[in-house]
């Protein structure tokens, strides 16, 4: 279809923008041919009218679909143009944090300005061996491709790294070299890389400088060749340098610096060793102050100087040479300060004793006058004569600068030569990989000769790059048999011709340099005359006659002609060079030694470095013509020649391109400046690659990929059995223009834009299908909704109509009710009105009648009140008179009573005061209350008396009243009697009133007293209640404290339990780590052992000498290291003659000294045992005496028990050593002694045997004593703990009872004070006990000293006893023991005389010990009888050794015996059920049973583990014969043979599995029949009878365990090698669920197809392989637990490799791929369930992969999603989660990318998670293996040996 047809509505395009370079927009309407304006909608919301160019009428670039954005390869984009490339790079760099992108054959690397974790060794391992297109873009992928092609094609490779200053070229080159060093596998690769990296600081200091664009700009190019040998291992390196910017030494632009080394020297000028250089601040020197920027922010030049000096030391530059380099550099600085004075216009002079020149001459060790003369003069030579001519000041200044530049260039070359010498290798180089780190295209405001040369070099490299790309395109087309059409690509040959051809710019420049009066202006005019208007690439600036413009491939560059001639000539006067050569400073002439050798640019130095600058000095006399001609070669000519050499080198190699991009000029991390990026993309050739690709067929699909992707565009009838024909038929229908595609042999080639068109058709088809599905579903949903609404409407109508009927009926009822209501209402109104009128009438009548009645009432009332007033007035007057009389009488009474009351008041006050004092003195006391109660009782008695008096008075009053009445009756008759009676009555009345008043007063006092009593009683009760409350609170506090103590005890117990659990887990982890380290050590040891065997075989083949014999050495202990393997055979051959030369007579004294040593060790053991026994006795005494130390006692006892445990372990280890030494003595007796000395009847033999017997007896005695001591320790430890618990409980009970006895406050206070005093008393007692304890400790130390003296004395006695014969020795030792015990008894009787209890306990312990000694004596008797029997056996053995020792031991046995002999303790057991073979048949047995045995036949036809059973039965027979040599020989031969088999057939899984199973079964048999109780629990009685009787093979079990570990690790490596090629293809690439994921368009890089071809692996392949592994292991009878461990390791490998590849492949991170992975994992889990291996831990190893697949499928938008992801992905690290989110790529347009904000949210939530920063899993990790004991139920006597094994020479016993 036409391109214009794609410009439809909503199509997205790119339009130019001055700020963003390109801006995205969307069409608002379809484009029609002829339209001049496009209506666009920008992303910022604005609408824009974009006018097309009326001349070209070019439409804006179309934007790629979102599905193609972020591709790994830019050539995979459908639309290949500048905005698409820029946008793809920006999305990958900013959004996905991916810095590498392919562009065809170019790797584009963007500097992130941030350290990224993508260069570790795990990443290197992940990329090693992978195809370049299978993994995400990386510098390691390019390096791997170069390394692979070098190894495969045997062709040299080169990696061309280019870019701007600061783009990361050097770092990329460093990582490439690091990759080669890692994957090459050389033993010295690290050294080579370290040396190359060590050269970086010094090369940067002398070759890098600060520019306006980069603070550390490299001002030279370099090409490093890394050499490899035939095995493709690094052997050396070589460095070439190009175009050092020498002009920077004498001139720097504004804001720039000279080379770093000068500023480093100035910063370090104060160092003592630099004082002779007479340096100062950088601003004091002309060569370092011109730029005005002597300091770089954040850089310490002094520290950099230290690093430079350290690098020089690493490179082998001695201190003297370093100081020489610094002297030369300082001399250059001082030379720059040399000033000239004009004498006239043609001559100049230097002031006398000019300080800068004087310092320069001193540093260079040259003559001042001579240098001063030749700086101001020059020598001119003609045909006839030579004369000296003065030069002007300007010429002298230029000559000075030229000399400085020349010296610096020579020094630079000298350092490079030295680096090459260090990196040079003497081994012949087979191939190499070159890494070119060279400057990129440069354009500045002022461009000079250096920029011209740099851009010239880039033109040559670009031409080579274009030709290579063109060649690859042509090869691809020819390979696919596509008609070749010439692609029009930009050829920069015209530009190169303009520069280097005849009469080119360089030719004219050289010609002008030869002219006597040539200048830059005349050269510019020649350029204008020669090329202006003749060459389209050459232009002249409008406003300048001293500049020219060249149209380079990247951009137009304007060059200023000023300085071109001078820089090209690089003139240095020969006389000045001669002065320097005559220097006494030895290093300076060395710099100029290669002038004659290096004249020709085609000749290289010994290190291979091409020289770029030449010194046009006068030639030597020997070759006047040729040397003068070549010496005049200019810099441009030399650079052109060196560039041609470089291009020849690159053309002879296969190039790989890395283009480094600088994203911004401010070094901000992950900040992308589109303008700067576009400039560099144009300059580095990336866009040219895109253009070349776009000119042809950039999009390429295999037929299967095309069919899989665009199957949706086909109809069922279009699908044929042949995929190729199907694709052809479909394409002819879809794309009418056949020129838009081509059919190759295996691929379909599309022109640019066609894939986008097909994607549009596919998206339209999918969108139409989605619309149809949506239409159908929406119609179905709406119909269901309509039916639901219709049913609802009918229901609503029914209810509405019923409601209306009910409403009408209600209306009728309401109408009738309203009529009735109206009737009654009207009646009610009329009736109410009538009632109102009637009521009003009645009210009026009532008010009127009331008014009249009230008037009559008022009149009657007034009359009545008048009568009352009169009555009251008259009564008042009478009462007034009466009151006046009564008042006078009462007043008199009051006066009298007041006087009496005052008297009474005084009495009451006195009583009141006494009560208050009493209250104050005795408040709150019970006795006071009793007194008050007594007083109250007395008052009550008084009150009763008064009441009785009152009653009497009343009685008297009554009688008197009666009498008075009678008298009154009598006195009424008479007036006198009446008066008397009246007076008496008045007096009686007064007395009665007085008595009444007294009574009332008494009652008041009683009430007050009762109130006081009540108040006192309440206060007393309150006080008592307060005391009770305080008592209760104290009880509660006590209970709370007890509860708290209990809780704390519980908490401590729980804490200790938790801590114990944690420590147990930690110990388990540590155990696993130790086990892993140990197994890794075994693995490393086996690798070194194999390496040793290989070297030994190579040496044997080279020397062709017979193998030296082996000798056996004694093994004294078991070790976790490899002590049982071969020792060096060379050492053994050296040791054997020395041993054979020793006379046999000298061996007897040596054995006697060993025997004395054993006796001495026995004595020491006895002494230590006695010390421990004494300490135990003293501790028992201390337990009985000290009860106050119960709290401190457990800690002290724990320390003592720990110390005693350590002592016991030391005793056991010493006992073990003594046993080993006895075995050595026995071996010396049986093997090393001369026959005549070791004869059974010889005296020496008898003496030694008797000594051996006595030592064995004493060893047994000591062993029993140690066991008794151990039991005493355990029992004592158990006895201490209950006492502590009992005392604690007793103390708490007493305390509780004491507290409960306290009732009131006083008692509690007294108890508190008593507790304080008790605490003080306890503290004082504690201090006194502490002092007493210290005194006891001193006494114990004294006792220890005395015991030491006693031990020395006993040792002397023992030495004396050794000289006695055996019988006398035994009697002497018994006598000595009796004497010692008697002395001890007497000593302890004196010691415990005052304490009978202690003495009794001592006597009991003594009796126990005597009983133990009796038992030991019986054991010794048994041992004596046993040893006598063994003596007879030894006598027989010695006799046999004399006759046939050499015949029984074959040389092959000796050679193959790698394991040191292990001492084998003997046991007394019965003998039963074995296999017998002869000693000479041992090699035949091993050969038939191990070396030549076929695992497949044994596994199928015979019982599992048959070889192990046979070998064990043979060992049992040797054990039955008590033949330790036979046991040792058989076991050693078995282990060696298994190792040989595994070395020979170690790549065969069946073989390794078979011998792993048999080794484990052999190990289990050794355990099961060892006789140890722990291994005999599951045995039958018959099996227990078959246990080994004479030898303990525990140490050989350790050897077999180590061998099993090595076999297991080899098994893991074998299955890993088998599974590795299957995992990625089967787990990731293969579509297990067909049609779920479609293949995305790919670029030029070959990508592994996800469609299963015939040669690819699928998930079924993995499952079949797992089934094969499992069936083989089961057939071989491998232990189930071991099978689980193997399966766990296999699943870990599958999960780790799959996850690592997923993290490094962007094309695999999609939703559909997550579904595929989860399905594949479910199939693996189903396999585990089928095999009943779910509890093996294999599923847990897949958890990271499962979570990664879930992460690909979950929703990734909101904060809730982020929280869910963080909680779900606990098995993934933060780096892995972020990496998966960054790599997530939609496969279809319906998916969405993960936003940057969401990824940042995830990072914020996971910032506190502490996990490893490592990105990839360690796929090489091997879990530590264990071999749980698995006893066999098979009876040994039932095993039959098949004839097929060829073991007829062995017989059953």
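Heads up, the Cβ atoms here are built off N, Cα and C, so glycines get one too.
Computed from a predicted structure; not experimentally measured.
Range annotated as region 'Actin-binding' by TrEMBL, chosen from 551-573, 574-596, 643-665, 666-688: 643-665. Beyond its flanks by at least six residues, the region 'Actin-binding' (643-665) meets 89, 93, 103, 105-113, 139, 142, 145-146, 149, 153, 155-169, 172, 176, 213, 223, 240, 242, 434, 436, 440, 456-457, 460-461, 464-465, 468, 601-602, 610, 671-673, 676-677, 680-681, 684-686 of its own chain at Cβ-Cβ distances under 8 Å. One way to see the shell of the ATP site is to take the Cβ centroid of 163, 164, 165, 166, 167, 168, 169, 170; the remaining same-chain residues with a Cβ within 8 Å of it are 111, 214, 218, 440, 660, 662.
Across the region 'Actin-binding' (643-665), DSSP classifies residues as 9 helix, 8 strand, 6 coil. In the structure shown, across all protein chains, 169 is the one of the binding-site residues 166, 168, 169, 170 with the greatest number of other Cβ atoms within 10 Å. Comparing the binding-site residues 163, 165, 167 by how many other C-beta atoms lie within 10 angstroms of each C-beta, the top residue is 163. For residue 164 (ATP binding site), applying a Cβ distance below 8 Å and a minimum sequence separation of six or more within one chain yields 213, 214, 440, 442, 660, 661, 662, 680, 683. Per-class residue totals from DSSP over the domain 'Myosin N-terminal SH3-like' (8-60), listed helix then strand then coil: 0 helix, 24 strand, 29 coil. A mean pLDDT of 90 is what the model gives for the region 'Actin-binding' (643-665).
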